[in-house]
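What TrEMBL lists as domain '6-phosphofructo-2-kinase' is 14-230. The substrate binding site annotation in TrEMBL covers ARG237, HIS238, GLY239, GLU240, SER241, MET242, TYR243, ASN244, ARG289. Residues annotated as active site, tele-phosphohistidine intermediate in TrEMBL: HIS238. TrEMBL lists GLU311 with the feature active site, proton donor/acceptor.
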Amino acid sequence: MVEKGLKKTNGLGVQVENTKICVVMVGLPARGKSLIAQKVTRYLKWLSIEAKVFNVGTYRRTDTPKPTADFFDTNNPAGEKMRRAAAEAALSDMLKWFRAGEGTIAILDATNSTRVRRRWIYDECTKEGIDTLFVESRCDDERLIMANILEVKTTSPDYQGTDPEAAALDFRNRIRNYEKVYETVDGDGDEKDLTYVKIMNIGAQVIINQIHDYLQSRIVYYLMNLHIKPRSIWLSRHGESMYNLSGQIGGDAELSSRGKQYALKLPELVRQSVGDGRPLTVWTSTLRRAISTGAHLPANYNQLQWKALDELDAGVCDGLTYADIKEKYPEDFAARDEDKYNYRYRGGESYRDVVIRLESIIMELERSEDILIITHQAVLRCIYAYYKEKSQSESPWMAVPLHTLIKLTPKAYGTHEERTAAGIDAVSTWRGKGSVAKHEDPVGEPTF
Ligand code: ATP
Ligand code: F6P
């Protein structure tokens, strides 16, 4: 049973057919605008909402690849002209993208630091029936700004080949130039008509104005949950189960003897990876194999069970092997291989459905610090796809071996990954397209 026509609804289950929103970033340099733009885009794409970042800096770099701070001085007419041209080129490409009919949300990533610039963007969008959502990131924590400069700006293409100290100093001067003309959104009440959210010091204070649209409010809610404290997310499948041994899918089987060994070894693996004494919260599904896998973890780890982490529901195929499914439901078997992400088991779920129910998990993960999640193959693929930006065609086919701990560490741009195998044998539950591989006979298992 392949679900057709789902393309224009999104992962939140609402129609997005006629929705066009331009998210306009606002803020001085090194205030996390690009990071926010990228995270929002990743989140929306994961939910099947077409989103794209238009970064004005990238356009500016075609003519001025390595500007010094004086390029950004408003008393420098040549610099002003080129910066205006870059903003126009980015906006023009964004409008073309909307006109082509594919896009739902564009993110215009630039400082957009004056009222005049913002009004121009608003007018150009309004003419074309595009709503605007201004997202201003303000930060007056000097230490954080300096840390941002050192973390991401000294390695920017703008400073390729420049000594990091000189780059940091120049970037500081760039910010000074922006500060001379910077006007906060609605600073004196003359932008009251705009839809905006102002985020102060990474969510210490949030001001919201004129948000009525559902998608806009989801974006704002997502932004309110973001933090930048260093943390990691550990992912593990449950230990090998009795169903894994027999090649059956779904069910609520207990662990095999090798699965039990993994559960016994997990505390040590986690301790080595997390470090001694660091508090950890453990989330498991509500299924026996996941709960048993976490059973030997230290008692001071807070453990929570989430129904949303239960394995993809295989409906009428629950308890069957892939070979059984091919024999009993050959059309379904072929349809699943054809479009595994969208295929919904009779009376069960598709990967798309799993992503929808995982949205609350992702939101909670964004708010949280260190978390260990013990879950199942399909669910783990969906969570992994969010962090590592895997496409819908790729994610349902990814190999996620049993008895392996995956550590994901979100960084300014991208997510760092480490894998630790427990060294305890287990069957492979990976199945290649077209095959009915019994769990113990994998066909050409890929790595990520
Ligand atoms: P530019 O205008 O030069 O492009 P930017 O505002 O886009 O700068 P980013 O490149 O996104 O800045 O800066 C990333 C850094 O900002 C990261 O180190 C990240 O931890 C930090 N950061 C993320 N969110 C915020 C925030 N809300 N306030 C301040 N810093 C933040
Ligand atoms: O075989 C283990 C398992 O977790 C099943 O319970 C589940 O149906 C399956 O993996 C999901 O993987 P796939 O989507 O590749 O069939």
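In case you wondered, yes, glycine gets a Cβ from its N, Cα and C as well.
Just so you know, TrEMBL annotations never went through curation; they're auto-generated.
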Quick one: pull the CA-CA distance for GLY239 (substrate binding site) versus the residue listed as 'active site, proton donor/acceptor', whole Å only.
14
Please report the Cα separation of TYR243 (substrate binding site) and GLU311 (active site, proton donor/acceptor) in Å, rounded to an integer.
13
Residues among the recorded positions ARG237, GLY239, SER241, ARG289, GLU311 that border ligand 2 - Cβ under 6 angstroms, in sequence order:
GLU311
Alpha-carbon spacing, ARG237 (substrate binding site) to GLU311 (active site, proton donor/acceptor), which is rounded to whole Å:
10
Within the same chain, and leaving aside ARG237, HIS238, GLY239, GLU240, SER241, MET242, TYR243, ASN244, ARG289, name every residue whose CB is within 8 angstroms of the centroid of the CB atoms belonging to the recorded substrate site, in sequence order.
ALA253, LEU255, SER256, GLY259, LEU402
According to DSSP, which kind of secondary structure is ARG289 (substrate binding site) found in, if we only use helix, strand and coil?
helix
Rounded to the nearest Å, what's the C-alpha distance separating SER241 (substrate binding site) and GLU311 (active site, proton donor/acceptor)? Just drop the number here, would you?
13
Excluding near sequence neighbours, so keeping only residues 6 or more apart in the same chain, what lies with its CB under 8 A of GLU311 (active site, proton donor/acceptor)?
GLY250, SER285, LEU287, THR375, HIS376, GLN377, ALA378, VAL379
